[in-house]
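A short worksheet on the structure shown next.
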Amino acid sequence: FQGIFVLGLPYALLHSGYSGLFLIILTAALCCYTGKILIACLYEENEDGQLIRVRHTYEDIANACCENLSPKLGGIVVNVTQVVELIMTCILYLVVSGNLLSQSFPYVPMTEKTWSVIAFVTLLPCVFIKTLKTVSKLSQLCSLVHFIIILVVMTYCLTQIHQWSWAKFRLSIEFEDFLVSVGVIIFSYTSQVFLPTLEGSMKNPGEFRCMLNWTHFLACVLKTAFALTAFLTWGEETKEVITDNLPSFLQTLVNLCLLTKALLSYPLPFFAATEIVYACISRGNHSNYRSPLFALGVRGSFLLLTLLMAVFIPHFALLMGLTGSVTGAAMTFLLPSLFHLKLKWKKLSFLEKYADISVFILGFLCCLAGIVCSIKGLLEVFR
């Protein structure tokens, strides 16, 4: 929940004003809700009225919803959406790493793309990651680095408390600027891709809903506190990535911490994407598709793909926005609410149906608005 997108939240407040604070809270509540209904789709009642886990993945849920059309259609759609989102995230980490290295060593005559290649070399050991246990250790280090960054930024902001003024908040907002804020805030909460695996791995899955409530509540508090203190410190001068506002003696330190965080964040989406693809390919009976060497080839191919896209695709940030508007909104809002309605329609109360339909419509509008803004940006650049 506390990923690199958190560093863009103060900039989101710049464009959304007081409505941005409300949006941070509302998004936390909605994402928590869609996480719960997604997990509810994994279970069915038996003859005794007990809930039994009959599905295990997002793909299983999708296949169950589309079984009348095609037994595997839903799973294919979900897997493609997941892989695209995860791979785009990996590419973003490489792009960010190149940018941070370029800023940290401005006197070295190298382009950002060259720095991205150097960052890529440090990620080569990812092809040997076989279990989630290794990824979890790297993610733990990533979380530690992240809190160091947040602590440094907030400590500096608190030293500037004498400059704070609520007058810096905007009452009126421009629609397109507001949509930028919506995208940043929503994508800072997305986690639905990992929830079925997480719930299935819990020692006591009955505590999942409680865990989801607490994590979303704490994430909301931390995001609000961080965004608010940073925006009150810099006001109209707030930059897209808040660390760019720091004085030079802190900026280099924080940039290197951010670089470490980006590199440590890469293995999780990379591992998830390659596991999905490898599982889909190796379902056949051919033994060659289940060999360790073939798995190594899949991971190596994906690693190389992320580098090539990071280096050679122009205007990647806009393309990322376009893809994210589709995949992020779909995985977070559209599909969970749609699947819940399809699988549980007869057992849902009127209010539950109303809530699911409202979330679906809201997700559709966010998706549509994000697509329009991203395409508009791409057209302006290519002109």
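Using the three backbone atoms N, Cα and C, a Cβ is placed for every residue, glycine included.
Predicted, not measured: the structure shown is a model, and the values here were computed from it.
Per TrEMBL, domain 'Amino acid transporter transmembrane' is recorded for 1-375. The transmembrane segment annotation in TrEMBL covers 20-43, 76-95, 115-132, 144-166, 178-198, 210-233, 253-281, 293-313, 319-339, 359-379.
Sequence-distant contacts of the transmembrane segment (210-233) (same chain, six or more residues past either end, CB-CB distance under 8 Å): 1-2, 6, 9-10, 12-14, 20-21, 24-25, 28-29, 31-32, 35-36, 150, 153-154, 156-158, 160, 163-166, 168-169, 188-189, 202, 242, 245. Of the ranges 20-43, 144-166, 293-313, 359-379, the one with the most Cβ pairs under 8 Å to the transmembrane segment (76-95) is 293-313. Within the chain carrying the transmembrane segment (178-198), a Cβ under 8 angstroms from the stretch's Cβ atoms is held by residues 1, 3, 5-6, 8-9, 11-13, 15-16, 19-20, 23-24, 27-28, 31, 34-35, 38-39, 42, 55-58, 61, 82, 85-86, 216, 219, 223, 272, 321, 324-325, 328-329, 331-332, 336, 366, 369-370, 373, all 6 or more beyond its ends. The stretch with the most CB contacts under 8 Å to the transmembrane segment (115-132), chosen from 20-43, 144-166, 253-281, 293-313, is 293-313. Sequence-distant neighbours of the transmembrane segment (253-281) (same chain, 6+ residues past either end, Cβ-Cβ under 8 Å): 3-4, 7, 79, 82-83, 86-87, 89-90, 93-94, 96-97, 100-101, 103-104, 119, 122-123, 126, 129, 132, 134-135, 138-139, 141-142, 145-146, 148-149, 152-153, 193-194, 243, 246, 289, 294-295, 298-299, 302-303, 306. Remote same-chain partners of the transmembrane segment (144-166), defined as residues 6 or more beyond its termini with a Cβ less than 8 Å from a stretch Cβ, comprise 2-3, 6-7, 222, 225-226, 229-230, 232-233, 235, 242-243, 246-247, 250, 253-254, 257-258, 260-261, 264.
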